[in-house]
Amino acid sequence: MLNKPVLVESLIVFVIVLFVHAVVWDRYSWCAVALAVQAFYAQFKWDRLLQLGGAVFQFRTAANSGLLPASMVIPLLGIVMKERCKSAGIVYFERFGIVVASTGMLVALFLSVIAVGITKPVPTNTCILTGVAGSIIIYTMKHSLTVSEVIEVLEVLLIFVYLSMILLYLLPRCFTPGEALLVLGGISFVLNQLIKRSLNVIEGRGDPIDFFLLVAVVGIVLLGLFFTVLFIFMDSGTWISSMFFHMMTAVLGLGVIMPWLYRLIQRNPLFWLLQFLFQTQTRVYLLVYWTFLAASACGVVFYQNAKRSSESKKHQASTITRKYFHFIVVATYVPGLIYDRQLLYVAAVLCLAVFIFLEYIRYFRIKPFGQTLRHLLSLFLDERDSGPLILTHIYLLLGMSLPVWLFPRSCAPKGTLSGAGALVPYSGVLAVGVGDTIASIFGSTMGEIKWPGTKKTFEGTMTAIFAQIIAVALILIFDSSVNLNSSYAWILASVSLVSLLEAYTTQIDNLLLPLYLQIMFMA
């Protein structure tokens with residue numbers, strides 16, 4: 001049976017789905033409700049498989065499957081994007097939102113079918129529910145999507161299947177099924193979009209920063225896959241292997257990724273990037289400021305490692321120490337959101353590429369810095385880093401950046417949405433930078449009343465909600481582009497629901513919470 005925290009987590013997700021359904025109220029939102037009911041029952045099967053060790057791959061322990069909360073993210077994002085772009089009269093992105101929602105539903109159904117298929121004895125009731133939900137979704141897709149859109153959805157599903165088989169085999173215990181759905185589903189969609197746009201390049205069409213994101217994500221993932229396969233046949237810790245790693249990185253970067261980006265943006269990528277970064281004086285000031293913050297973050301890492309004595313090798317950084325990085329990230333993102341969101345967009349992409357590349361160096365023990373990175377980052381490990389990769393800091397960056405990357409700029413003619421939607425780019429700052437940080441600090445230092453079945457405290461959740469409301473007030477003061485149009489009750493409900501989800505979820509909250517807050521704000 002599901003335990004109480006999972007039941008409460010599921011209830012919170014259902015409430016969010018029903019909120020979106022009440023606002024949208026069309027056939028797609030009805031499909032989302034059907035998917036949520038089906039995913040709730042399929043989650044039973046995944047949790048049972050994880051407990052008995054019957055899952056096909058090795059998933060992250062000390063967490064439930066997270067199938068329901070993860071299954072609803074991509075469909076709900078697509079639905080609210082469709083509604084926003086429909087209101088703005090942008091037909092292309094309205095159709096794009098429908099494709100996103102359909103893709104998310106089909107990928108989530110596929111993961112549920114796997115759980116049902118490998119559960120013995122076959123769960124009859126869950127099979128019936130899965131069949132009914134699948135029939136509703138496929139029927140809706142049949143009458144909503146064009147032939148080319150159906151092919152696009154099936155392409156993403158095919159990429160997801162192959163990518164899952166490869167990465168879940170190579171990276172055991174790095175994900176729960178829900179986290180795998182979110183991360184690998186996102187990568188599959190990005191890869192398919194890049195292939196589609198590369199085959200249909202029209203000069204002068206498309207924003208270069210969007211192409212930059214697509215190429216950077218796909219390039220860094222393909223780089224990792226290439227070296228993972230390569231180092232199966234050779235020892236990655238030798239100097240020869242390390243030299244080969246750096247040489248092939250340069251070859252693949254300059255010989256594959258750069259020409260690919262050049263084809264998409266029709267100009268030299270390096271010249272374009274330098275011109276973009278130093279285009280205005282404000283951008284120069286922001287880059288200098290961010291460099292200072294990056295140096296401060298490195299200083300925290302070196303200082304905490306210097307404190308680690310030889311007698312306490314198993315010493316781990318405290319919760320408050322880890323939250324220093326949350327404060328630094330908030331200090332990084334807020335000025336970017338206020339003064340230059342396009343620069344923040346590109347800088348976040350560059351930072352993600354650097355983070356993942358450094359993780360490759362650490363994971364493969366590439367000389368001369370691989371072993372040093374292993375030693376420095378081991379201090380900040382927690383129970384979520386149970387696999388061979390350290391992903392917590394990458395999830396933090398993604399949680400802050402995804403609302404910026406996924407913000408529907410084309411459907412916001414004045415650069416911002418109306419009402420609560422104006423806070424969409426701030427979703428990561430509010431949910432992770434403010435809410436999660438304050439909840440952890442106050443909960444661990446002053447919290448006494450625990451939520452039933454969890455280690456999280458009532459005091460931590462309440463202070464998180466209060467802190468996010470104060471942060472919204474400060475955003476209103478300092479960012480003149482934000483106009484909430486009296487949607488304060490919806491903002492309070494959104495912040496409260498996401499804070500409750502933070503208290504009960506065992507998934508990676510840095511990734512999940514900003515996406516749900518973005519969905520609520522866009523709805």
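A Cβ is built for glycine as well, from the same backbone N, Cα and C atoms used for every other residue.
Those TrEMBL annotations? Automatic predictions, nothing curated.
Summarising the annotation, TrEMBL assigns transmembrane segment to 12-41, 61-80, 92-116, 122-141, 244-262, 282-303, 324-339, 345-365, 386-406, 426-446, 458-478, 490-517 (among others).
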Candidates 61-80, 122-141, 324-339, 458-478; stretch with most C-beta pairs under 8 Å toward the transmembrane segment (92-116): 61-80
Proximity verdict for the transmembrane segment (12-41) and the transmembrane segment (458-478), three or more C-beta pairs under 8 Å: no
Remote residues contacting the transmembrane segment (61-80) - C-beta distance under 8 A, at least 6 residues beyond either end: 2, 6, 9-10, 13, 16-17, 20, 24, 28-29, 31-32, 35-36, 39-40, 42-43, 46-47, 49-50, 97-105, 107-108, 111-112, 115, 173, 176-179, 181-182, 185-186, 189, 383-384, 386, 406, 501, 505-507, 512, 515-516, 518-519, 522-523
Close approaches to the transmembrane segment (122-141) from elsewhere in its chain (Cβ under 8 angstroms; 6 or more beyond its ends): 27-28, 30-31, 34-35, 37-38, 41-42, 44-45, 102, 105-106, 109, 112-113, 116, 150, 153
Long-range Cβ neighbours of the transmembrane segment (282-303) (under 8 Å; 6 or more residues past either end): 321, 324-325, 328, 331-332, 335-336, 339-340, 343, 347, 376-377, 379-380
